[in-house]
Each structure stands twice: as C-alpha cells, then as structure tokens.
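Over in TrEMBL, the protein carries these features:
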type: SIGNAL; residues: 1-21; note: signal peptide
type: TRANSMEM; residues: 95-115; note: transmembrane segment
type: DOMAIN; residues: 102-242; note: domain 'Sodium/calcium exchanger membrane region'
type: TRANSMEM; residues: 164-187; note: transmembrane segment
type: TRANSMEM; residues: 199-218; note: transmembrane segment
type: TRANSMEM; residues: 230-248; note: transmembrane segment
type: TRANSMEM; residues: 357-377; note: transmembrane segment
type: TRANSMEM; residues: 389-407; note: transmembrane segment
type: TRANSMEM; residues: 419-436; note: transmembrane segment
type: DOMAIN; residues: 421-571; note: domain 'Sodium/calcium exchanger membrane region'
type: TRANSMEM; residues: 442-464; note: transmembrane segment
type: TRANSMEM; residues: 485-512; note: transmembrane segment
type: TRANSMEM; residues: 524-547; note: transmembrane segment
type: TRANSMEM; residues: 554-573; note: transmembrane segment
C-alpha cells in the first residue's frame, strides 16, 4: 500500500508540474447520480464547482471552500477540503496534504483490521451457528467479509454525485489489479494446474457482471428492476456454486469404489479446498500444547488485561523484525477495536468468551454504533429536545452489562454467547462503513487539490488500498501449497464486490431519492477501464484453456505486463496525452 501511495504521489507531482501556472478545469462530467426524475435518460452536468478552487490564489481558497455548497461534503466526520485550505497557512498546504496521506494510510489499516480481525471471524461464527456448508459460507459470508472494504467504499462513493466515479474506478481498477497482478503473482510463486470448471464458471460470471455494468454506463441509467436483477445475478452465481458442488460430491461418492481420474479430481476439487476445514483442529492442538497441567482460575482484572493484548508472545518470537514494527504501529488501533467489538471464535474451547471484556462490549458497542452510524448524525440527537440519545444508550448498556456480569462466570460462556457474534458483526460493519466514508471524502479532496478525476483516484489509490490485503493473503496461501484456492479467491471475491458494490449503491440511492440512478461516463478513461477489464478476462478465458489449465511463470509475467500497460495508458489518458481526435 505504501508503494502504491508513493507511486501515485510521484505521478501527481508530475501532473502538478505540467499544469502549474495554468490550471485546467475538468470539463468532463463525473460519473454521478441524479435526483431528477423528469428526464431519467438524459445526462446532466454534474461538474464539481470545488474544482474551481485551484484556479484561485492561495489566499482566497479557504473562503471559497467555505462558501461553495459543493465543497460541503455530507458524508464523513471531517471536511477535508477545509482542512486542506484552512487548517494551516497557504504556504504549508504541502504539509497538510502529507498529513492527509498519512491519515489515508491509517484509514486503510483500520479497514483491514476491522475486516480481518473482527468482521470475518464473526461472520464465520454466524455461519457456523447457522450450520451452513463451506461452499455456501464461502460464496456468501466469506465473500462479504473479504470484500467488505470494497463494498462499503463503493456504497459510500455512490452516496454523492461527485464521488460516484470513485466507485466505478475502484471496482473496475480492483478487478484488473486482482485478476492480473494478484493472479500473476500466484502463478509466479507456485505454478500449478488450475481447476477447470470452477475457473471457467467464475470467469464467465465475472464477464457477465462486467458486461452488465458496461451496459449501465453506456445507457446512462438503471431502473429498480435492473438493479434487482443485477443483485440477482449473484444469487444465480451462489446457486451455481452450490449445485456444482452437490453434483461433484454425488459423482465422487458414486465412484468411491473405483479410483477417481486425475483430470476429474483436478477440475472440481477446488470447491472443497477450504482451509477452515482443518483450522479448528490445528488451533485446538496448538493451544493444548500450552494448556497448564493443573487447572487454575485467573482474576477478572487479569482476564481483561490479557484480552486487550493483541500481541501473541509465541508468535512475536518467531516473526521477522518488519512484522514486529508493523505490529507495534497497529497495536494501538487493535486495542481500540478490541474495546469496541466482540469476537466469537467457534474453534476455541471457550469460543473466545472473555467475561469482563464482553460485558464492557455491551456498553461500548452500542455507543460506537450510535456515534458513528451515518457519520455521527445521531451523536447530538436529543430525545424530545432534552435527553441525549447517547446517554440513554449508555445507561441501557450499563444495565444489561451488569445483569450479564452477575449471571455468568469467567470460565463458562453463556448459552446466548453466539449473539455476541451478531453484535460484533453489526459494530464492525458500522465502523467499516464509517472508515470507508472517510476514505472516499479524503480521496475526493486529493482529486480536487491535485486536479485529478475521481476515476483515476479510484483505480489507483482506492483500488490498491482495498486490494493489497487480498494480494498478500493470496500469495501467502499459494506459497503454503494452495494455489488453486488462491486463484479461486481472485475471481470469486471480485464478483461479489462488483455486483454488491454497484447493486447496493444504486439500490440505496433509489430508496433515498425515489428516482432512477443515472451514470455519466467520465470521458475516455472510463471506457478504457471497462475495456481493459473485459479484455483481461477474455484473454484469461482463452489462454488458460489453450495452456491446458496450467498456469506457469510465463502466464504470470504476461498478466503483470498487461496491468503495467493498462496503468500507463490510463495515466496518459488522464494527463491528456491520449485523447479522442
């Protein structure tokens, strides 16, 4: 992620040098949403008036952003345009931008921590409590957990017409990044024979999702029925995965007497390659080695302090120094999240029951939801104009916490402990949504300051920031000997991200505005983005079968070179070097 930010800032600096002295207005309409229902098929001019701020002198910019309605972002806790131009003197604006970039990196870390450490485990616990199969959980709850930053970022971007281009750029840009750089890196690290039918299934569904999105951009509008059908495409995908797994299992059981051919086994087995099948056993064996011989009970204070410690001493000793430095930087954020979000782990013997901390969660978790939901609009809400809402939530949480503390023990989790997973799921989702809104608002500010379109910011910073975690995790899975699982995650996860990111974003806007959603393509760059993603999928759909579904290092290099060429063309288009005659 740091490399991505560094590379982008280099490009931004070059762009500022080229346009210094004569700032060029972005006259291309941004991809946006319109609340006008009289002409649902007509394009409207959604130019952001905040773009004009860079044409003014440094002394006049602060007053401009304060008096211009387009500069008052409704979403987010902070007005970053006012921070950029009003917080420090004009000659210190580069320092302000640097601080904002550091804050952007912290927001990406918060997104990653909330999704991986809290959102995903609670979803796993919910799926276990509902007794879902691994295939169903993988394409529903697991996909939602892995794609939470992308989906929430897209929904936050669709909430404002001037930032909707971020959603299109991020979803398409992340799709290209994952299907080329991540998939290519997996092929470079561990050449392997890909599972044929699951691979073709995922590529076909993803191509259908990309083509449908392209049609929506081309026509410039979408209706409620089309949006529901767009979301229904993922339901069809889930049913296809379930049915194909069922058929494969039936065939496997019917052939249990005879050995299964290698081709058959390699073509469908990736659907069953789920690491969580053995994760619980490994975790229990790992903990049993360090279990004391004689039983003892820890004090409540010691349990609270140990549960707030995110550092595993055994893991700390065997990790590299770079991991330790990163862990030290993330520890304060993890402690804050541990104070607010409960986590239920079905693989542990006590299911991660921490009585003092879980009782504290009954106070902090509802407060966090009330203070962060929809950018904290309920933080100042007064009941009948006299009693603050947050105080009522605090008192109710304190009452429930006292009851739970007095009726439970430190050693045995209560029967209703799985409900804490639902609470953790809700709180982590609210926090991820709030962080995603801040990321979108911050990127919109960078686009205004650096005179860059939202689409290019989406396909670079937002796409890289949301996908870098998937990149490292998939490469790690491939190194551990599960390359099929890694390549399946590359294609299966982004199907969910695109269909739910665009679908839910459009659906929420339709409910709020009671009108059709309109798209306005941001010039040539949007079509280059869509065409590049479609071309990469078509090439994979053709080349991989021609290679007999064997992904080697040559194919990995080809994918990475393809992404480098795409990124170069996209940036040249943004800088005006490539344009329509």
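Each residue, glycine too, has its Cβ placed from N, Cα and C.
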Selected stretch (most C-beta pairs under 8 A with the transmembrane segment (524-547)) from 164-187, 199-218, 357-377, 419-436: 199-218
Chain residues outside the transmembrane segment (199-218) and at least six past its termini with a C-beta under 8 angstroms from it: 31, 168, 171-172, 175, 179, 226, 230, 233, 237, 240-241, 244, 487-488, 491-492, 494-495, 498-499, 502, 519, 521, 526, 530, 533-534, 537-538, 540-541, 544-545, 549
Most Cβ pairs under 8 Å with the transmembrane segment (164-187), selected from 95-115, 419-436, 554-573: 554-573
Tertiary contacts of the transmembrane segment (389-407), as residues 6+ beyond its ends and Cβ separation under 8 Å: 355-356, 358-360, 362-367, 370-371, 378-379, 381-383, 414
Cβ-based contact of the transmembrane segment (419-436) with the transmembrane segment (357-377), 3 or more pairs under 8 Å: yes
Most Cβ pairs under 8 Å with the transmembrane segment (442-464), selected from 357-377, 485-512, 554-573: 554-573
DSSP-derived helix, strand and coil totals, residue by residue, for the domain 'Sodium/calcium exchanger membrane region' (102-242): 124 helix, 4 strand, 13 coil
